[in-house]
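So the structure is just underneath, and the comments pick up after that.
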């Protein structure tokens with residue numbers, strides 16, 4: 001396992017200096033899901049939630065969250081994000097899977113931005129549906145793949161191709 005990069009020799013937290021790192025094309029894909037009562041999923045699909053278009057608002061929230069990551073994660077660098085896609089799969093009878101894909105051409109990866117995007121999209125779904133279903137669960141938020149950078153590529157075993 002690699003050494004932790006956000007601590008100096010004395011154990012003090014610090015922001016990694018990326019000044020000399022090479023700019024490369026970087027992509028991170030993260031997935032997660034919100035599990036809910038089947039009736040809640042039906043309301044989402046039918047556009048019947050009182051707060052409006054649940055998935056549309058969650059998509060915008062996820063995009064905004066990716067761009068706000070350095071304000072939330074102390075050691076995350078403010079970077080030029082070149083693309084954010086938030087997609088959803090309805091998985092009857094009781095869940096919505098969320099996929100966040102974040103891209104940059106920079107000196108550091110976008111894993112934290114993708115994780116933040118999916119997390120906030122899931123929280124937004126919860127917020128918009130909690131009036132009818134307080135038992136929803138946000139779960140299984142994970143990095144599926146990343147490419148670019150010094151540490152190389154990563155692909156989680158056992159993940160299926162995203163179906164749109």
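Backbone N, Cα and C atoms are what each Cβ position is placed from, and that goes for glycine too.
Feature annotations, reproduced from Swiss-Prot:
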type	residues	note
BINDING	75, 76, 77, 112, 113	substrate binding site
ACT_SITE	127	active site
Worksheet entry | Cβ neighbour count (within 10 Å, all chains shown) around residue 76 (substrate binding site) | 19
Discussion item. Just to verify a number: CA distance, residue 77 (substrate binding site) to residue 127 (active site), in angstrom, no decimals.
Written reply: 28
Worksheet, complete the sentence: Sparsest Cβ environment (other Cβ within 10 Å) among binding-site residues 75, 112 belongs to 75
Worksheet, complete the sentence: Rounding to whole Å, the Cα atoms of residue 76 (substrate binding site) and the residue listed as 'active site' are apart by 26
Response to the item:
Residues lining the substrate site besides 75, 76, 77, 112, 113 (CB within 8 A of their CB center) are 69, 70, 73, 79, 108
Worksheet entry | recorded positions compared (113, 127) - highest count of Cβ atoms within 10 Å | 113
Worksheet, complete the sentence: As a whole number of Å, the Cα atom of residue 113 (substrate binding site) is distant from the Cα atom of the residue listed as 'active site' by 21
Fill in: Site extent for substrate, whole Å (max Cα pair distance, 75, 76, 77, 112, 113)
12
Worksheet item: Helix, strand or coil: which one is residue 75 (substrate binding site) in, per DSSP?
Response: coil
Practice prompt. Between the Cα atoms of residue 112 (substrate binding site) and residue 127 (active site), find the distance and write it as a whole number of Å.
Written response: 22
Item to complete: Mind giving me a neighbour count for residue 77 (substrate binding site)? Other Cβ atoms within 10 Å of its Cβ, every protein chain shown.
Response: 16
Fill in: residue 75 (substrate binding site) versus residue 127 (active site) - Cα distance in angstrom
27
